[in-house]
């Protein structure tokens, strides 16, 4: 970008590349000419003192002018940034406006649809309300009609009762008159003796029945008042009245009359009768059929004329009794009585409405009628009463009776009653019309109210819509005003872009905040790249400023060409010192074409990892590292009162002790004895993991030792078994407890039986190799071979079979002691066909491994090729592994997400026995004979391979038997990132893979407990392997213990006594390997994202480290109590300087407890050793001190006890920092027994400069024997924090190392070995 003033890019004739502006160069030229004139006129001495001052002034002027140019460049960049931000803001604003318009249109359409649906709902609701109103009105009309019908029935019954009472009174009056008139007559005197007069017939006047009738006997015959010869003189009606049918005669419309009849009752063949209800309003005629045809012939018909209008009773009622031809003995008097009865019936209107003509039932109880209990008579039917009175009485009454006067009164009453009824009917009609009118008006009122409500709702909606339209109108006006303002602003195009006010302060603040967030995310990504590759920072190369500083001197040096040798070079100015995170813009020789190239240095370093690393960038990075370590060196060399000895920074307490105690303290310090790159030949090798070889074990269950083809037995084992028998026979519980405690202590000692051999897993881009070294002579690589193409993430040394191992076939539910029987007798086959598929959350997996039995007997030669040892399936799997894995820690973190992509994985949801045909046993692979010399000539390794097993030149039988029992002997287990598990022998034929299997996910950790190997997978499951019946490891049948869902990686495991602690996310699960169950789980950190990364156990405590955390946590091994927190970040910052150097953020990448010390390795290569304090120690060795507390812990699930040792507290006040460190993360610590320098060799107490330095001499009077341990740390690169990068390469401890360029040597994988002398306590 061309500026107004212009930047001159020019080259000096000497090629120095210095740049000077035109003004400064012009000034320099004029001063140069003036100086020439002065020298020509006077002498050089005149300007000799003036020259440095003028040069300094010109340099300052040039630097100021350069700064001015830089500021102008920055200003232009900021203007471009501002322009881009404004353009992006306008685009985003337009897009947002478009989206808001779309949203408004969609909202309007939705609102319209919603309104239509609401209108339909309201119309349906109004229709529903109208229908409900109509139904309600109809129901009201029905109820009113029912009430009216009930009222009419009540009025009818009342009139009927009144009419009956009037008739009764009238008949009584007639009887009294007749009896009074006929009381003196002779006829009555002669006939009075022949009958018994009754004042009144019994209620329900019942006819006497002939003897031949099958009907029931009435109540009147029970009284015995009527003799059989006088049966009321009513033999003319030979049938009872109940068998008489009243039929309508002389009716012009017989059909209509019959339709009006209501057949009220029937008489069955037995003579029973169902009666008419009392609520019947009409006076219906009852038709009573007869039982037999004979009775029908003898039946009398009474035909009653019934007019349509039942209220008119003034018509003639003719009753005609038809008699059939039969023998009757009836006199003329009786015929007269019959005609009188007919006349009375004719003048009695109630016979037209008689309901009780068929009132016989199976009993004498009346079924209907009004019964007057005071007179014990029937007050309803006059006909029944007269029928029972006899014809003589009626004849007596008829004589001299005047019926006309009373008949008129009755007719008048009936006529008046009829008129009243008509009036009432007319009123009822008017009333019903009015009620119907009221109903219609009510219905119309409800409909109008509904319409009014709908109109009100419509009015409210219209008002709301009106308000919305007004609001939209206001918004439209505001937008139009904004548009006018914007058009007015657009006219002011001469205003610069930075001064245009197009957005508010809030919007600008939001944009700036988003930019800052993006910057923070960019810096986080940059930090991640620094962690995974190396800590990067783009800093200016001081060489450019050196050249710029010397360019003016070059320009003016021509003045002193004759006296340049004698002129003293002035010191550089103070203001041009090196600035670490510089932000200067230095114009370079090459012309840069992009805007990014002119960004300041702190911006351009954010993008430097995207470009390829050139030699210049590597050089600048090394220069930056060198400057960083130079500042660390300056900080370390400050006098802070700490003691430096053997490469360690010790606390001040070592000064305060006496000479004897000081030597005793100094002798326990770790002394560095070896330091060198891991492999001189392969410089790209990266360290992953390492472990010391445990060569113990290889015993049968009764203590016998397995060597070659024969089995030898120890006498100690026999004594031990006899002692166990005696112990089991003993009844003393104290003896059992004592023996258990002794066994626990013996197992603790057995765990420390290691050899000095170390297996180190390294990887290149193509494959993973195993290097086997002896810690006593680390420079001599005993053997190296390739394992697989994937990264080996973990390695474990598994001892051989011991007599204390758990039996392989022991049931899971057993919790007793281990049976000391023979190996084969106590083990049962654990094949997939015989075990349960799921044991309480444990999945049993069975793999058919072809060639297992055949591989044990097939002889094979030594020195097998690593490629030949792998089956074809394994090679196919390993070839697909990603090779670009940054570092060990990040790669193991990445396995949680992407390790599940390996093929042929087993479905986790499938329960039951798995049958995996993935790998065959590599023992079955035949090895060519011509490869055997490779094995024999491999770095003099036979001396180490011959510790237990055989040499290549022994007999074939011995070799075969050794191969059979090789898995019974100590082995090495390697877990790869692709899920492959490899088992190699650790005693002989190291290259040969004895067993292998492909598991479901990446293998992150392997531990061994008493004949059980637990393998932690990245999917949150534990694979548990046991030995087979022959003592060899059976990888074809194993158990899977799921730690729960969701599945996450099991990052780390450690053995704590007889249990295994597993780090699973932020939790720690305690697993019992024998029972294969989870005993306890607790949180090691409150946040779920913080994963447990390392576990280290000693005594009764377990130290825990958390990912991306600098705090160590101590937990009790038995009670799981949180005991202590130790933060190492303040200590590291104090020892190595401020946080600008990248040392403030401390990640713990390696953790180990050894030699009564806690060894901590960090992500930036710092190694810290913290002595474990003895203040809280309960008992060192139980029972060796009188009066000391012996702590014993019991298991709540069994009667097992565990001896308490001590709790490994530590304090950062006693922490010791090692000046020997790595340039990148510390990958591992390994502690093995061994001694490089003798304890008698003494040194001057200064720091170590060669292999001959060592700890102070042991006192002759000290009686505690000292053990020597070698502690190995591995990591990328080496740095001495006291020396920085200047002499770090020259101080590598090793005598025969060839000198190589520091560019590659200082950044290779290095091993650092310390020797530690410590006592038994």
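Cβ coordinates come from backbone N, Cα and C, glycine included.
Here is what Swiss-Prot says about this protein:
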COILED    66-166  coiled coil
COILED    408-534  coiled coil
COILED    724-758  coiled coil
COMPBIAS  473-489  compositional bias 'Basic and acidic residues'
COMPBIAS  874-883  compositional bias 'Acidic residues'
COMPBIAS  894-903  compositional bias 'Low complexity'
DOMAIN    7-95  domain 'RH1'
DOMAIN    500-571  domain 'RH2'
MOD_RES   109  phosphoserine
MOD_RES   185  phosphoserine
MOD_RES   194  phosphoserine
MOD_RES   217  phosphothreonine
MOD_RES   238  phosphoserine
MOD_RES   268  phosphoserine
MOD_RES   272  phosphoserine
MOD_RES   292  phosphothreonine
MOD_RES   347  phosphoserine
MOD_RES   588  phosphoserine
MOD_RES   705  phosphoserine
MOD_RES   1188  phosphoserine
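Across the compositional bias 'Basic and acidic residues' (473-489), DSSP classifies residues as 17 helix, 0 strand, 0 coil.
Residue 109 (phosphoserine) falls within a helical segment according to DSSP. Taking DSSP states H, G and I as helix and E and B as strand, the domain 'RH1' (7-95) has 71 helix, 0 strand, 18 coil. Looking only at the coiled coil (408-534), the predicted model's pLDDT averages out at 88. There are 10 other CB atoms within 10 A of the CB of residue 109 (phosphoserine), with all protein chains counted.
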